[in-house]
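Engineer: Dumping what TrEMBL says about this protein:
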TRANSMEM  54-72  transmembrane segment
TRANSMEM  138-158  transmembrane segment
TRANSMEM  165-183  transmembrane segment
TRANSMEM  213-232  transmembrane segment
TRANSMEM  244-267  transmembrane segment
TRANSMEM  376-399  transmembrane segment
TRANSMEM  406-426  transmembrane segment
TRANSMEM  438-465  transmembrane segment
DOMAIN    497-668  domain 'STAS'
REGION    672-701  region 'Disordered'
COMPBIAS  683-701  compositional bias 'Basic and acidic residues'
Amino acid sequence: MEYIDSAKNALRTDFTWNRVGHLASRGARAFPQASVGYVLDKFPIIGWLPRYNYRWIINDIIAGLTIGLMLIPQGLSYAKIATIPVQYGLMSSWAPSAIYAFMGTTKDLSTGPTSLISLLTAEIIEALHGEEWSPVEIASAVAMMMGIYGMAIGFLKLGFLLEFISLPVLSGFISAVAITIILNQMDSLLGEPNVGDGTATQIRDIFQQLPQANGYACAIGFTGILLLTVLDQAGKRWGEKNRIIWFLSITRAFIALVIFTGVGYAVNHSRGASENYLFDVAKVQADGQEPPKVPSAALLSKVASRSIAVFVGSAVEHTAIARAFAVRNNYVTDQSQELTYYGVTNVFNSFFHAMGVGGAMSRTAVNSACNVKSPLSGFVTTAVVLVSIFKLVGTLYWIPKATLAAIIITAVWPLMSSPRVFYGYWKTSLADFISSMVAFWVSLFVSTELGIASAVGFNIVYVLLRQVFATVRSLPDAQSSTSSELPLPLSVPHGDLPSHVNLPPDVHVFAFTDSLFFPNAYHSKHAIIDTVKTMHAPIFNGSCGLEQERQWSVTGEKRIAKLRRQAGITDGTHLPPIGLLVLDFGRTNHVDVTACTHMKAMVKEVRMYGGASVEVRFANMSEYVRQRFERAGWTLVDGWPAGSDGGSQDGNKVTRVFDSLVDAVLAPRQLSTRLGTSGSEKSSGKSVKEGREKVSMREQV
């Protein structure tokens, strides 16, 4: 009895048990509504389809047709990289676009086979060569494991885990992958036999076997590269002025495929056996879509660990492309939902003998250039690919392998980062440069999965060492500090600010409380953007303005509405605009390239929301942190000279740095910030007068 009384007393008085009980009670009450909201979030089409404008259908049809025409040659080419029969590239391409229409959170993203996934899949096929499974079965098993990992992270909303892959690591990794893909295509481009595996071996064999190269294959391949390059450059130079040139440019791979398939048929169809062909052809053979089949459990266990690198590389690529085009076209994407879609699609694809899929930069850029209006374009893309599978396979038999190699080489060449990018890492941070070089050289000469693993491992060790060997500085005055003079006033409710630091309603201050680097940079960026959108009115430019002028996406609106409800804001029409954004670096002793890049993106997004005249200032920045920003490409200048009343000479090309937070807040504004530069910003100025006298929330990041 004594033990029971003791347990009861512990349950009543123990803080942890009481907290668990409180959280369980809150969770039980919120569960029904949260469950419905969770399911609805998994199918974004439920939110945006009712507001679909029928006038958008033409744009979506054109974009869907264009992406479908791009997917045919790319699907065949990427299957070739993966060392599976090329027709399976088409079988991997029809489902993703249709599924994305239901589950996607961007209007621009195009998913399907990619060069990165293809190469990493080929490495796994090579590693399991000689065992009981065919290359197609191995590729399907890899796709299923990619899907399982994606669904696990997506459904649990753990997308933030991918932020532990820094930008320099990605640059080195993807550059090495691009070079490897190009080397793998040189034997088909030149018609050389017996080129070995491995970077060093391939370079040696390519040059040794130049005398045995097939002249016809070389002519086909290099002519294809020339045609693709000319159309690409013509589109960049004249595409905006001439829609015909623009269309020829974006469909250049399909045009090359049609022309050289005709050449392949003309010169080879009457030569009998394939051994007599003047050059190798793809020999596409299929009788429509094959019936579904579940990958074997034994094979899944074999590829489970090897598929992690494929998942990490492709998932990071997929979410990064989605985020980039969401920012470019001014809407909001959901990273965890994108991973949920990524997982569901790859699991579904694996049943249909397909390789893994993910977001593709080239097709996404074309989709955006077509002014696509919604993910409904994916249904058109699916229809185009299905027609090619069931009706065009016999024609595709005659595609020259050299043409596929030319398409692949011109597609992956832009993926390589220039030496200037790596030199930028060198100037900004030695650790970032080393991590990029580890990813690059190990991926290039050893293996891609070991390359990304070793680079991430280096970053983890570096972060731990920074924490273990943190420096302690002795200050002359024990009471002095480099932190902000106003950390408390900026975190307390409005109305408690001292009169001499009273903030205007269009000013918002954020104080970083720790180092800003790749694990927390993306979260910090979005914390700032979310708070600005919650507490300030947008510039009325259409995407944030009237209902009839808005784009298809409702994800961002729902998120901001939820944040405003949590902040107690019931009427957003009287919120002040954002005119001045101040970032306090008083407690920040380290930044890296990833953080500097995300801060640039943050400033761009804030100005897209609040207008080009929004001024950004830094305060309490140490010399070390300032040098990092400057080496990363920021132009930083000291605050306004004494007695200055501001000016507009530098516009927003520079960021002003102040010694104290008080100076950063109270210093004169730029002329363009004070007066506004357009009629839309004058309307924002009107909101200032009608807004509240003080901002109701000041948030530390």
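Residue 1 is the first one shown; counting continues down the chain.
A Cβ is built for glycine as well, from the same backbone N, Cα and C atoms used for every other residue.
Note that TrEMBL annotation is computational and uncurated.
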Engineer: Which residues of the chain, 6 or more past the ends of the transmembrane segment (165-183), have a CB below 8 A from one of its CBs?
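Structural biologist: Those are 81, 115-116, 118-120, 199, 202-203, 206, 312-313, 316-317, 320, 408-409, 412-413, 415-417, 421-422, 425, 432-433, 435-441, 443-444, 448, 451-452, 455-456, 459, 518, 592-594, 597, in sequence order.
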Engineer: Six or more residues out from either end of the transmembrane segment (244-267), which same-chain residues have a Cβ under 8 Å from its Cβ atoms?
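Structural biologist: Long-range Cβ neighbours of the transmembrane segment (244-267): 66, 69-70, 72-74, 76, 220, 224, 227-228, 231-232, 234-236, 238, 278-279, 281, 366, 369-370, 395-396, 398-400, 402-403, 406-407, 411.
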Engineer: Are there residues at least 6 beyond the ends of the transmembrane segment (213-232) whose Cβ is under 8 Å from a Cβ of it, and what are they?
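Structural biologist: Those are 188-192, 248-249, 252-253, 255-256, 259-260, 263-264, 278-280, 400-403, 405-407, 409-410, in sequence order.
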Engineer: Counting Cβ pairs under 8 Å that sit 6 or more residues apart, are there three or more between the transmembrane segment (54-72) and the transmembrane segment (376-399)?
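Structural biologist: Answer yes, regions in contact.
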Engineer: Would you mind listing the long-range same-chain contacts of the transmembrane segment (406-426), meaning Cβ under 8 Å and 6+ residues beyond its ends?
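Structural biologist: Same-chain contacts beyond the ends: 73-74, 77-78, 80-81, 115, 168, 171-172, 174-175, 177-179, 181-182, 185, 189, 220-222, 224-225, 228-229, 232, 253, 256-257, 361-362, 432-433, 436-437, 593, 631-633.
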